[in-house]
Amino acid sequence: MALEKSLALLPLLVLVLLVLGWVQPSLGRESRAKKFQRQHMDSDGSPSSNPTYCNDMMRRRNMTQGRCKPVNTFVHEPLVDVQDVCFQEKVTCKNGQANCYKSSSSMHITDCRLTNGSRYPNCAYRTSQKERHIIVACEGNPYVPVHFDASVEDST
């Protein structure tokens with residue numbers, strides 16, 4: 001009798017475990033907006049002439065774990081100014097999607113590019129400071145940047 005009750009509850013237990021296994025990983029997952037901030041925002045600082053800025057930041061922001069991210073851009077502007085780009089000039093993203101926006105003014109950025117011959121785990125980057133318009137993909141509610149698409153020179 002007790003065995004029959006246990007067997008009757010087994011499918012319910014399996015279902016609960018499956019649901020928990022599906023829901024639980026998403027609870028700790030970084031949102032696309034938070035990932036954008038981690039990978040691209042550095043409002044507090046500017047590398048000045050620090051040649052190791054990219055090496056330090058790429059490592060500190062977890063972009064050299066398991067592989068060397070080939071290219072990354074850090075934006076040295078207040079987060080609210082970068083978020084405002086989502087309500088500026090609409091442009092087509094590199095991948096053809098229609099949710100990209102170009103900043104109306106140029107912004108202080110640092111381009112980090114993997115140097116030739118650099119291999120994981122010894123990721124080495126070239127640091128280049130620039131003043132460029134940025135193009136970001138935006139989504140969500142609130143509508144915020146979730147992807148850094150490009151930087152472009154002032155077209156005037």
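Note: Cβ is positioned from N, Cα and C throughout, glycine not excepted.
The signal peptide annotation in Swiss-Prot covers 1-28.
According to Swiss-Prot, the compositional bias 'Basic and acidic residues' annotation covers 33-43. For the compositional bias 'Basic and acidic residues' (33-43), the number of residues in each DSSP class (helix H, G, I; strand E, B; coil) is 8 helix, 1 strand, 2 coil.
Summarising the annotation, Swiss-Prot assigns region 'Disordered' to 33-52. Here the region 'Disordered' (33-52) has long-range neighbours at 61-63, 72-79, 82, 108, 110, 127, 129, 136, 140, 144-148, meaning same-chain residues at least 6 beyond its ends whose C-beta is under 8 angstroms from one of its own.
Annotated active site, proton acceptor per Swiss-Prot: HIS40, in sequence order, evidence recorded as similarity to another entry. Non-local neighbourhood of HIS40 (active site, proton acceptor): ASN72, THR73, PHE74, VAL75, PRO145, PHE148, each in the same chain, at least six residues away, with C-beta under 8 Å from its C-beta.
Marked as disulfide bond by Swiss-Prot: CYS54-CYS112 (among others). Annotation for CYS112 (disulfide bond): spatial neighbours TYR53, CYS54, MET57, MET58, VAL71, ASN72, THR73, PHE74, TYR125, ARG126, THR127, SER128, criterion Cβ-Cβ under 8 Å with sequence separation of six or more.
Counting every protein chain shown, 18 other Cβ atoms lie within 10 Å of the Cβ of CYS68 (disulfide bond). The disulfide bond annotation in Swiss-Prot covers CYS68-CYS123 (among others), and the record cites similarity to another entry as its basis.
For CYS86-CYS138 (among others), the entry in Swiss-Prot reads disulfide bond. Around the Cβ of CYS86 (disulfide bond), the number of neighbouring Cβ atoms within 10 Å comes to 20. In the three-state DSSP assignment, the secondary structure recorded for CYS86 (disulfide bond) is helix.
Around CYS93 (disulfide bond), a 10 Å sphere centred on its CB holds 16 further CB atoms from the protein chains shown. Per Swiss-Prot, disulfide bond is recorded for CYS93-CYS100 (among others).
Looking only at the disulfide-bonded residues CYS68, CYS93, CYS100, CYS123, the one with its C-alpha closest to CYS86 (disulfide bond) is CYS100. For CYS138 (disulfide bond) paired with CYS100 (disulfide bond), the C-alpha to C-alpha distance reads 6 Å. Here the Cα atom of CYS68 (disulfide bond) is found 26 Å from that of CYS100 (disulfide bond). Using a 10 Å radius centred on the Cβ of CYS100 (disulfide bond) and all shown protein chains, the other Cβ atoms total 23.
Taking a C-beta cut-off of under 8 Å and a sequence gap of six or more, CYS123 (disulfide bond) has these contacts in its own chain: ASN55, MET58, ARG59, THR64, CYS68, LYS69, LEU114.
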